[in-house]
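Trainee: My questions all concern the structure below.
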Amino acid sequence: MQSSRPSDRQLAIVVSVAVGIVVAVITTATFWWVYDLTLGRAQREAAQTAGARWSPSDGIKVITSSPPVTPTDGRQNWMGTQAWNEGVQAGQAWIQQYPNTVNVQVLIGMSSAQIWTYMQQYVSGALGVGCQYCHNINNFASDEYPQKIAARNMLRLVRDVNAEFIVNLPNWQGNYVQCATCHNNAPNNLEGFGAQFINSVPPIKVTVDPLDANGMAILDPAQKPEAIREPVLLKDAILFYIYNYQVWKPFDPNDPESGRGSLALTYDGGRTQDQVTINQNVMNYQAWSLGVGCTFCHNSRNFVAYELNPAGDNVLNPLYAYNKLKAQRMLLLTTWLAENWPRYGAIAKPEIPTGSGAASRYSYQRLGDGQIYNVPGCYTCHQGNNIPLASINQANIPSGDAGIVVLPPQIRGR
């Protein structure tokens, strides 16, 4: 009778496999333990920081932890703890001397103390600069620096963007833009496009055939805007649509073919392959900017549709149609910004900045007055979040006097 006892060779194999499994488990556990000690916690903390809502303390920390600067245009240093303290002390002295406002043109109706609190926390903090960046702190009413004129006009910009584009969004969720929404603790050279756009869009040339006001393709180069009469790099074609978007058939819930704009792939013979490529990459840029996929705005079985109340269970995101309408409104916003940027006090640049502290070249546009400006794009505010982390929701604005210094009613747009 044959023995059922395993042979020595079989036992050796079993023991070897068991030891191997134990060693593999211990090695893997040790690796992840060491990884967590060295990198894991830091990465988790970085992720939490990246996903945290903006706070005025973020910008104030940038100011107080930075080295001083040496202005050459007559302004005083605005960075560092000393500059911050000097600005705070000067502001406190000013509101004691002038409890009623002097030379206030936008935040009319607020007291000097209210304006001072708002400016210190939500303007200085938003831009990551001390009071001296815009003000002669010996005379806060003075308009001697162009940065103050620009800031005043930017308050008008916040008001008008909220009024014209934000509070009347389809399915508005109560979010407003504020200074920090664009600035995120930096006064200028704001990045409008981001690493994914810069690194992922291929360096190929395409022919842009824009649509006219009737939704018909313009094929004659002589009839096109000068910037796109010849083939251009795909990145520049994307920029053209970000800053030159129109709606030629406004949305009507009773018309399934409405809600069509510059990026529509028309049914009359279709568009060229170049136009499809441009369209796809504009969508990619928006998706990268918001940190979302196609179904955030689209029904994947019918990309053209707007179904405000979709039936059935085959729609991943039942609010997608509202998001699609919002995205169209945001393209109208970036177009409006490019058209109106100079009149809101933006300071032109003699040339596109390069080197340390500059944004990518795509963040600078030569506008209608022939000058170069740092113009916002989708990424400027969103930075990978479908709701910008530096926006502010009405639920977070206290009622009554306390809310006035968080987001003044004068710039909420309603």
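The first residue you see is number 1, and the count goes up from there.
Placed from the backbone N, Cα and C atoms, the Cβ positions cover glycine too.
Note that this is a predicted model, so its numbers are computed, not measured.
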Trainee: Cys179, Cys182, His183 bind heme 2 in Swiss-Prot, but which of Met154, Met216 does that record place at the same site?
Mentor: Met154
Trainee: Are any of Met110, Cys131, His135, Met154, Met283, Cys297 (the binding-site residues) within 10 Å of Cys381 (heme 4 binding site) when you go C-alpha to C-alpha, and if so which?
Mentor: none
Trainee: Any idea what the Cα distance is from His298 (heme 3 binding site) over to Cys134 (heme 1 binding site), rounded to a whole Å?
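Mentor: If we compare the Cα positions of His298 (heme 3 binding site) and Cys134 (heme 1 binding site), the gap is 44 Å.
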Trainee: According to DSSP, collapsed to three classes, what secondary structure does His135 (heme 1 binding site) have?
Mentor: coil
Trainee: For Met110 (heme 1 binding site), which residues in the same chain are close in space, meaning a Cβ under 8 Å from its Cβ, but six or more apart along the sequence?
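Mentor: Listed in sequence order: Thr101, Val104, Tyr118, Ile404, Pro408, Gln410.
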Trainee: Taking Cα atoms as reference points, which of the binding-site residues Cys134, His135, Cys182, Cys297 is nearest to His382 (heme 4 binding site)?
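Mentor: Nearest candidate: Cys182.
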